[in-house]
Amino acid sequence: MTRPSRQYSAFLPDFCGVRMAVAVILIAELLAIVLTLADLAVHGNAFETLALNSLFIQWVALGCIAILCLLRDRLNRLPDVWSTALSYLVMLAVTLAVTEIAWWLLYMLPGERALLETGHGLFLSRCLGISAIVSALALRYFYVQHQWRQHVRSEAEARLQALQARIRPHFLFNCMNTIASLTRREPLLAEQAIEDLADLFRLNLQESKPWVTVAEELDLCQRYLRIEQLRLGQRLRLEWDIDALPADACIPALVLQPLLENAVYHGIEPQPNGGCIQIRGTCTAGRLSITVDNPVPTQRSNHSGNQMAQENTRQRLTSAFAERGRLTSEQQDGRYRTHVVFPEVYEPCAS
């Protein structure tokens with residue numbers, strides 16, 4: 001029997017990334033400018049002071065992220081309290097080391113000894129004090145940002161669970177009535193409908209897979225629409241153009257099926273003659289785009305929930321892909337089009 005391993009939340013960012021390094025360099029330079037402006041009345045040569053402050057602060061900042069990059073895996077295996085404390089000590093230790101080196105370098109340069117009039121102790125305490133404040137603010141920011149991401153992720157998981165548990169009662173009752181009528185006339189077709197309905201419920205109620213492949217999501221949608229076609233008959237016509245989509249790319253579960261349910265519920269059912277739902281998919285430059293196109297009834301449907309389902313899907317795409325995932329909709333020429341765009345990723349399905 002294996003013991004469950006403890007897992008702690010890794011709130012420290014990836015200090016090894018280029019974007020993080022650039023951000024740290026820019027923030028360090030802003031701090032150097034602020035300190036230079038604060039000492040402008042004491043040191044007349046602003047450019048020389050800015051150059052020395054920039055050199056000193058950049059060495060401290062780059063030294064901190066270099067060591068935190070090396071220690072990140074070990075720090076992320078610790079509880080947040082210990083990870084924060086050790087990161088804080090690392091930042092102060094780097095500041096202390098760079099401060100001592102800077103002091104002795106300035107001491108060895110005769111022309112720069114005027115900068116050391118404050119004395120070694122005051123120079124050291126001043127640098128450590130500024131570093132202590134800035135480091136504490138930075139770690140606090142990282143922790144708050146991590147907590148916010150955790151909250152967004154938990155909220156997205158709650159929405160997924162609510163979506164998985166929500167299957168409209170009218171859909172279930174209509175399906176059962178359709179299957180009951182088919183049992184007498186088309187027993188083989190009724191058996192297929194029962195299998196599709198069972199698979200649909202199984203996939204809707206499955207909580208262990210927040211991510212699915214595009215092929216799995218489309219298979220779920222096709223099973224759902226087959227059941228609706230049994231109920232609506234010739235009123236529901238479908239056009240699929242999805243060959244360009246990579247079957248093994250990842251997508252959050254239950255992103256497309258609610259949109260198709262809305263297309264049937266709001267676009268097909270209210271019309272006596274029904275209509276055609278078009279599903280098109282493309283993949284261009286690492287971005288997948290899926291469009292659901294359905295007719296708009298001449299008389300507005302009293303059914304509610306279309307905007308709610310779209311907003312739910314939009315927020316889940318944003319949670320999964322940030323600004324790279326989005327949902328947009330438009331109404332034009334008697335048609336209602338919903339566009340889903342997200343990046344081509346494969347890693348979530350493999351984990």
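The backbone N, Cα and C atoms fix where each Cβ goes, glycine too.
Keep in mind the model is a prediction, meaning the values are calculated, not measured.
Quick look at what TrEMBL annotates:
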COMPBIAS  296-313  compositional bias 'Polar residues'
DOMAIN    158-236  domain 'Signal transduction histidine kinase internal region'
REGION    294-313  region 'Disordered'
TRANSMEM  20-38  transmembrane segment
TRANSMEM  50-71  transmembrane segment
TRANSMEM  83-103  transmembrane segment
TRANSMEM  123-143  transmembrane segment
Range from 20-38, 50-71, 123-143 with most C-beta pairs under 8 A to the transmembrane segment (83-103): 123-143
Cβ contacts under 8 Å made by the transmembrane segment (20-38) with residues that lie 6+ beyond its boundaries: 13-14, 46, 49-50, 53-54, 56-58, 60-62, 64-65, 130, 134
